[in-house]
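Student: This is the structure I have questions about; it appears just below.
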Amino acid sequence: MENRWQVMIVWQVDRMRIRTWKSLVKHRMYVSGKARGWFYRHHYESPHPRISSEVHIPLGDARLVITTYWGLHTGERDWHLGQGVSIEWRKRRYSTQVDPELADQLIHLHYFDCFSDSAIRKALLGHIVSPRCEYQAGHNKVGSLQYLALAALITPKKVKPPLPSVTKLTEDRWNKPQKTKGHRGSHTMNGH
């Protein structure tokens, strides 16, 4: 019988970013209580030797599973030291992988109070609205003009420590294009 391969999307992430994200998740689960119902699985609880941890986030009758890996093949860069993250949405026997932005939106919808477009309608009807969004990572678009005007009236409260964002965990902070200084540009780039 042949080997059967399963391909998964795994974002390469440096280990310090993974450690920070894990500590933010644990803080939100055990200290602040914002992440009620979340489940953290340690590496020694998993039968797979490459799994560093799993965070199970219930979303109604489905759940989001964020798995961190270690001991993977290194990437093209020196700092890609075999650490990675995969994000999976599961409902009963069906599962699919999702990107970090969608994961943040799903978490945002289920767990955090938000001052969103619906707040405008609620305020006009006389209902009490939440004055600010607690989880800014869940927004990936610019709001309507009404929303921006109402949001500008309310000064956002800084949350310490920040909420654990999957997008922030998987962003590529190393390969961002560098800006050149001055009008002459970089000496190495223009051949001088």
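All positions are counted from 1 along the displayed chain.
In case you wondered, yes, glycine gets a Cβ from its N, Cα and C as well.
Positions annotated as Zn(2+) binding site by Swiss-Prot, on the basis of sequence analysis: H108, C114, C133, H139. The feature phosphoserine is assigned by Swiss-Prot to S144, S165. Positions annotated as region 'Interaction with host APOBEC3F and APOBEC3G' by Swiss-Prot: 54-72. What Swiss-Prot records for 151-180 is region 'SOCS box-like', and it gives sequence analysis as the kind of evidence. Per Swiss-Prot, the feature motif 'HCCH motif' maps to 108-139.
If you look at the structure here, what lies around each of the features I listed?
Tutor: Over all protein chains present, the Cβ of H108 (Zn(2+) binding site) has 22 other Cβ atoms lying within 10 Å.
Residues of the region 'Interaction with host APOBEC3F and APOBEC3G' (54-72) grouped by DSSP class, helix first, strand second and coil last, total 0 helix, 14 strand, 5 coil.
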Student: For H108 (Zn(2+) binding site), name the DSSP secondary structure in the helix/strand/coil scheme.
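Tutor: DSSP assigns H108 (Zn(2+) binding site) to helix.
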Student: Grab the pLDDT values for the region 'Interaction with host APOBEC3F and APOBEC3G' (54-72) and give me their mean, rounded.
Tutor: 87
